[in-house]
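Features of the protein shown, as given by TrEMBL:
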- 5-120: domain 'Tetrahydrofolate dehydrogenase/cyclohydrolase catalytic' (DOMAIN)
- 141-288: domain 'Tetrahydrofolate dehydrogenase/cyclohydrolase NAD(P)-binding' (DOMAIN)
């Protein structure tokens, strides 16, 4: 049976480390890290994510700046809001909750965030530096960073290993493949146009599943002993639950747990790490401000 990687416990450790850093910054430099979370409109899922992020900030002592904007805000007005936060010295990190309403160009908004405050790591300059050898981005995207942290804190060696990333999104698949490459893995990316993806996944010592397809990766896709990080969160109908559904990953947990060496559960694996890394990025931003 696979060793189950407890993302909740590891995230709690990291939050403890972040809280200690926040306290140290406050006492030594009188600086309280500030994170501005911008939400546009009233999407239920976005509101849930945002309230989780704000609550996590409060727990570690990061000051959270609430920017709640109406669904019909113009792109120009949103850009002005981002510029205001860029100029605010008490704000060390800016996060714009995605997706944005259809009439707003996401790429435009993300590239307006100051690279020094881009705690989500999605600014094209940060992604560009991540892609280049010998360059370091100021911030690494939170979910990919969380995946790498789960591997390293579970004692999984990445250097020299074969890693397969399933999915090529800008948010997870692409940046996590770049991080694995930086950590000296040999990386393949499998996606919706890949013929016979299971034959490629079967060669992997490390699998990062981020395709957004419920339970797509079966036990016979996995090399015995491989480390499997499941980034997927998919809701499937379950009449036995009060909500009528349950959350599953991109990995068939019951099957893969019999073959893999390490496996993250859904929920309780990658999810808590994403928020922990956001807090860590915010503190790093505040510390960088002091050094400079």
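FYI, residue positions are counted from 1 along the chain as it appears here.
Positions of Cβ are set from backbone N, Cα and C atoms, glycine also.
Bear in mind that the values here come from a model prediction, so they are computed numbers and not experimental data.
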Reported mean pLDDT - the domain 'Tetrahydrofolate dehydrogenase/cyclohydrolase catalytic' (5-120): 96
For the domain 'Tetrahydrofolate dehydrogenase/cyclohydrolase catalytic' (5-120), residues assigned helix / strand / coil by DSSP: 63 helix, 18 strand, 35 coil
